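J.: My questions will all concern the structure given below.
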Amino acid sequence: MGDTLALVALLLFAANAFVVRAASRRLEQGLGFLVSLVVNVVVGGLLLGGRLLFGAEPLRVDWPSFWMFLLAGVFSGYLGRRGYFKSVETLGPSRASAVQAANPMFTMVFAWVLIDQALGWVDVAAILVIVVGVYLTNRRTDRLSPALSGASRRESARERLALLAPAVVATASYGLGNVLRGGAVEDWNEPIAGGVLGAISATLAYLLFHISPRGFLDRVRRADRRGVAWWTLTGGLTIGGQMTVIGSAAHIDVAVAVAISSALPMIVIPVSVVVFRIREGVTAVTALGAALISGGVAWLVLL
């Protein structure tokens, strides 16, 4: 059951990757992501209402888990995403995405330290294979950009650390948020409620520190309508994926659930090449990375 839910989350996140590609062409990511967060809350609230009306059992509240889900939203939805956007600005999208490949590793370490979910060597090896595969699919050489390559060589160790810090903080924040959700769902198996709570805390953090609700509404009114529609769809896909990962973590170790649901290149690369005929950037190294990811996921699911 847990493996199946993680695979469903993978499909939702992979579909979202294509939607974000289209959405970003119409509306800048800063505003678009906040639109998707608000949609997270709205769609999640509707699903929670359905759970309250039609659920077989009444909803009980486990307060420690309640606060853990809220805190997880701050780490994953706010700190993680803000750090990722910042790292895209400083490192570029390919290098920032390569650092994000370590998300399952951070999740695995935090799960071991904080909630005592120590994985066996077989699962650890499979997660390492997935991490290497995701890194390879996001890796790009600097041969096509000599100026960038020269600038990179001239960076001091301190400058490189300063550039890398936002990406590392973002990845660690995602990992910690995942583990908080995994720990919360062990005692309170309510993935819909957990997803809604995380979306609420992340949205409030954005509105509190970056933009007022009135300013947000004014910007949305002036924004490209199709862009808003694409980001609205993104919100629906991401809240579905998040809830499914939380549900998966109720049945399998959270690090395994995150590793499976993070294996996006396994879906995105073949669909990009076969369906959308997008072949730029797809090299032998990319194909090797996708193969490693597929093998690692199969390893986790079947063994």
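All residue numbers here begin at 1 and follow the chain in the order shown.
Cβ atoms are placed via backbone N, Cα and C, with glycine included.
Pasting the feature list from TrEMBL:
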DOMAIN    2-138  domain 'EamA'
TRANSMEM  32-54  transmembrane segment
TRANSMEM  66-85  transmembrane segment
TRANSMEM  105-136  transmembrane segment
TRANSMEM  161-180  transmembrane segment
TRANSMEM  192-209  transmembrane segment
TRANSMEM  230-250  transmembrane segment
TRANSMEM  256-276  transmembrane segment
TRANSMEM  283-302  transmembrane segment
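Are these features on the surface or tucked inside, and what are their neighbours?
T.: For the domain 'EamA' (2-138), the model's average pLDDT works out to 87.
Using a Cβ-Cβ cut-off under 8 Å and counting only residues 6 or more beyond its ends in the same chain, the transmembrane segment (32-54) has close neighbours at 23-24, 77, 81, 85, 190, 192-193, 195-196, 199-200, 202-203, 206-207, 211, 216, 220, 227-228, 230-232, 234-236, 238-240, 242-243.
Packing against the transmembrane segment (105-136) from elsewhere in the chain are residues 98, 171-172, 174-176, 178-179, 182-183, 186, 253-256, 258-259, 262-265, 285-286, 288-297, 299-300, 303: each is 6 or more residues past its ends and has a CB under 8 Å from a CB in it.
Distant neighbours of the transmembrane segment (192-209): 34, 37-38, 40-41, 44-45, 47-48, 51, 59, 65-66, 69-74, 76-78, 81, 177, 181, 184-185, 216, 239, 242-243, 246; these residues of the same chain sit at least 6 beyond its ends, with a Cβ under 8 Å from one of its Cβ atoms.
With a cut-off of 8 Å between Cβ atoms, the residues of this chain six or more beyond the transmembrane segment (230-250) that come close are 2-3, 5-6, 8-9, 12-13, 15-16, 19-20, 22-23, 26-27, 32-33, 35-40, 42-44, 47, 178, 181-182, 185-186, 189, 191-192, 194-195, 198-199, 257-258, 260-261.
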J.: In the domain 'EamA' (2-138), how many residues does DSSP call helix, how many strand, and how many coil?
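T.: Here the numbers are 118 helix, 0 strand, 19 coil.
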